[in-house]
Structure formats: C-alpha cells, structure tokens
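One structure below.
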Amino acid sequence: MAPNSIHWFRKGLRLHDNPALREAVRGAATVRCVYFLDPWFAGSSNLGVNRWRFLLQCLEDLDASLRKLNSRLFVIRGHPNTNEWKISRLTFEYDSEPFGKERDAAIKKLATEAGVEVIVKISHTLYDLDRIIELNGGQPPLTYKRFQTLISRMDPPELPVEPLSEAFMGTCITPVSDDHGDKYGVPSLEELGFDTEGLPSAVWPGGETEALTRIERHLERKAWVANFERPRMNANSLLASPTGLSPYLRFGCLSCRLFYFKLTDLYRKVKKNSSPPLSLYGQLLWREFFYTAATNNPRFDKMEGNPICVRIPWDRNPEALAKWAEAKTGFPWIDAIMTQLRQEGWIHHLARHAVACFLTRGDLWISWEEGMKVFEELLLDADWSVNAGSWMWLSCSSFFQQFFHCYCPVGFGRRTDPNGDFIRRYLPVLRGFPAKYIYDPWNAPDSVQAAAKCIVGIHYPRPMVNHAEASRLNIERMKQIYQQLSRYRGLGESSVSQGWPQAINSYNYIHLFYVADLLHKVTCYSALTEMLCTTVLSPVEHQLRVTEGKMGSHTKLPGNIHLDSTIVLILCFQTALVWKIGSDS
C-alpha cells in the first residue's frame, strides 16, 4: 500500500536539492509539506522583526512554489488533529546541532513506535559531519587548517538532487481543503503580534526564488569570477549587496551543494578545467567548520561548561551593553554598524569584527555571550553554530588567540570609508560633519559642531570609553589570563603522578589551540603542532610518545597513567621547552 507522507520543513526551505522531500514523494499516495510555527514562540523568542519577516517570506515563497505542483504548504500553529491524515512516512533534513539531534531522536523513536517510517537526509551541510569527526579520531577538528586537511582526504560533496517537479510528483497528491488558508496559511507579522507601523521595506527579501536569482547574479560578477579574488574593501562593500547569499544559506533557501558545484563549474570553465583551490569555497567551508565544531557540544554557545572556551572574567554592565546594542556608544563607526544591523538585519563581516571586538576584548570587556544574543535577535544569517563560533573567535575565547590585535573604532572605519559616507547614511545626525571629524566628532571645534547642527553631548553622545586606555587595559587583562593558563611551564616532571591533576584543576578550560599555537612559536616544530591540534578533549588511556625528527628526541610516559588531554598538552609543552632550552644552550 502506498504511504501517506509528511515532509517536515525546518531549515531547507526549498524545492531544489531537497533529497528528504523527494523521499517523501517517492511512491507515496499523498504528501503534506508541513512547517510548525508556535505563535506563543513568536512573542517570546529572541528573534527580531526582520528575522521573522524573512522567515515568513520564505514560507510564502515555498507555498507559492508548491502550488505550481498542485500542492500546498501546511503551516501548523497550535496542536492540530492530524490523525485523519493516517501518516505512515515522515521525512526531514538532518539537523547537526545538538538540540536538534536530541529532538529528532525523540521524534524518530515516537514515530517508529507508532509504525511510521522515518527517512532523514543530509543536505544542509556539504559533508557528513560525523565522518569528519571520525577521521579526526572521534573529535571535531578545532583549527580551520586541520579541518581543511581532513576534508581534502574525503570524497567531494554529493551532487545536488534535481528540484521537485510535476513529473516526479506523478500520482502523488496533496489533499487540500477549501479552508486551507484559514487553517494552514502563512500568518502575517501582525498576526504574530508585531507592530509593523513604520517598518521599512525588506532589504533582503526571503525565499528560494530570490535566492536562485541572487546566485546567478553572484556568479555573473565577471571580474571576481575571472580572478577568484575577494573584492577590495571599500565604502560600497559595507552596504547590502544584491548578490549576497548568507541569509539564504542560513534558512536553506539556497542549497550549499548547489552553490558549491556552481562555483566549481565556473572555476573550471574560466581556468580551463584546472582543479579549484579550497579557498574558493571559503564562505561555505567556514560555515561547515563551525557546524563540525559544535555538533557534539551542547554548551557551544556558553562559556561555562564549554570545553573549548577560555573562562574569562568578563564584566557585567547592562548599561554599557544597551548602549552598544542601541547604537549609542558615541563612536560613529560602531553606531552606524549597529544601526544598519537593527534596520536591515545584515552587516559586512569586517563590520562584525569591529563591533564584536569593541564589545568584548577591545573596549567594553563584556562577554561574547551577550553579543551573540543581540546578533541572534537581529542578524538574518545568524544560526546557533556559526554565531557562537564566530563570537568565541572574535573575543579570543576560542579558535583565535591574537588578543593584541584590536580594531580601532575610529581608524578602522576611516581607512575603509575615508569620506564617511557610510556614517552619513546610517547616522544622519552627523551628516553635516566634514570627513576630517566624522569619525571622531568630539574632536571637532565648537564652530564645526555648530555648523553641522550637532553638538556632541547633546545631539550625539560623547564616547562612552577612552579607546586608547580601555584597549591597553584589556590587552593587559587578556595577557594575564593567557599567562595564567600557561604558568604550568615551571612545573617539574616529578609532578606527573602527584601534582599534575591538582595543578590543572582550576584551568580545566585551558584553550587547546592557544597552547598549540604557542608551542609552535616556541619550538617551530610543525609536526608537534599538528599533533597538538588533533589532540582531543577526552580521557586518554594509552602511552604518549612525542617525537621530533630533527632532534631525534622522544619522551615516553608509563602506559598505566590516566591523563586527560589537557595534561597531555601540558606535558608536550614541557617537553618542547626542554628541547628548546637544550638546543639553545
């Protein structure tokens, strides 16, 4: 008997390259495409109006595409009675994030117990993340270089599947009632409780149709396609581009595999069939890297309990956080970026670097978790893995340790847009300032402020911090934190059996890759660095042997010592110091 199928949309809001959707239709008598939307969640979640609007537009576009196939989208609100549907098959796209995996495992168990066939397909990522982790010894790679090494050993991503079509639908139908719109239609923002008065038109229209139009524009940029180089940063780069794709990848309106293979085909056409470099896929691979790092870490978005995150004693300062989030810092470059984010739902990746550094290690010394929450509310392309991973990176809490590199909230913007056009666009109160003072209006003479009809401290706030002093203080704070994390250097080898676990107990959040990077700087032994970068945060119950070909030296620990990998790293570092001292003397 032909099954009655449901395809459950979550991400993957598209008909192209949707293998789980095709499985729902294959050989089925009926298919219903559903999206669950709890109206209570709309009023209580940390999602801003731009994100909700984008999602609803995605659903409207999806419904319009399904109508062309004589089907419809069922947006389910509340708890409808679906027993009459007699469901016997459930399909959905694989969700790699920890809470999604837990949810899906529970759903699969319930469905299987009820006699419902469950089919899950990978299509939101290029690769099977579990396979990457398997190749890395059972733990996710935590450096981008290591990640690239692993995927270079794997087969290329699977080709995208064909879009759902009338021909593929065949005799499969979607039962639709006359009151479908009332029961299962896409709601409006107003129905979800949003006040839309004065809401500007969307800069980023949602949906698969828009995504497919944009990818063609993206690939038509002849100069970029010819050279495959990043465009140079300028004032126009800061504005939303009609070729931008990040929100569409985040919601799955655009298949990452389709993007990948279109890039590949174009490169081979332009470069006469030569193999494309991994750098060509940078936007996709960084996304994949963070997904892989997060997939087995339910605390990935937290500092406490997160094994890869340095514990930093950030300040709790709600007033300063609010000024940053509401674009009232008194630094035009920062405020213009945050205004653009709130108005449009997107900012350039270097603008993200600037405001993240300012909030955390640069000026305000506020936790990256707070910034992540603001981005979760406002940023169209923010998702759990990439958002948290990026904030840990930019705050030097994980993945990246060059805390001495700090973005100046005046100089960085001035170099990018010397004339200040970006500032004038998003902060019209400063429009009258000459370029000389538009990034630091507090330095403008009174006569210039009067001529600009903007008195600093009255019409525009004074700077909330002294950047030079704050950044110096915070760099020193970061330096002390990392020095504390590395003060095991002086411990002796005799401490292994008695003192190591106690000595390390208070540093159990030590940053794995800070140590690896520091080790590389001290020893210049790339093989040892590579070994450290592949060491995992899990118990190790075997002999440890560290070798270095040039020196011909090695250290061996008794096989009966139970060490976690943090201690392993410390012992490796201790060994490296011995080698270094020996080679210098």
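Each residue, glycine too, has its Cβ placed from N, Cα and C.
Feature annotation from TrEMBL assigns domain 'Photolyase/cryptochrome alpha/beta' to 3-126.
The number of other Cβ atoms within 10 Å of the Cβ belonging to Arg287 (FAD binding site), over all protein chains shown, comes to 23. Residues annotated as FAD binding site in TrEMBL: Gln283, Leu284, Leu285, Trp286, Arg287, Glu288, Phe289, Phe290, Asp381, Ala382, Asp383.
Under the heading site 'Electron transfer via tryptophanyl radical', TrEMBL lists Trp314 (among others). Other C-beta atoms found within 10 angstroms of the C-beta of Trp314 (site 'Electron transfer via tryptophanyl radical') number 20, with every protein chain shown included.
Classification of Trp368 (site 'Electron transfer via tryptophanyl radical') by DSSP places it within a helix. What TrEMBL lists as site 'Electron transfer via tryptophanyl radical' is Trp368 (among others).
If you look up TrEMBL, you'll see Trp391 (among others) marked as site 'Electron transfer via tryptophanyl radical'. For Trp391 (site 'Electron transfer via tryptophanyl radical'), applying a Cβ distance below 8 Å and a minimum sequence separation of six or more within one chain yields Ala356, Thr360, Trp368, Glu369, Gly371, Met372, Phe375, Ser397.
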Looking at the binding-site residues listed here (Gln283, Leu285, Phe289, Asp381, Asp383), whose Cα lies nearest to that of Trp314 (site 'Electron transfer via tryptophanyl radical')?
Asp383
DSSP helix, strand and coil counts for the domain 'Photolyase/cryptochrome alpha/beta' (3-126)?
51 helix, 26 strand, 47 coil
Hey, what's the Cβ neighbour count for Asp381 (FAD binding site) at 10 Å?
21
Rank the binding-site residues Leu285, Phe289, Asp383 by the number of other Cβ atoms within 10 Å of each Cβ and report the first-ranked residue.
Phe289
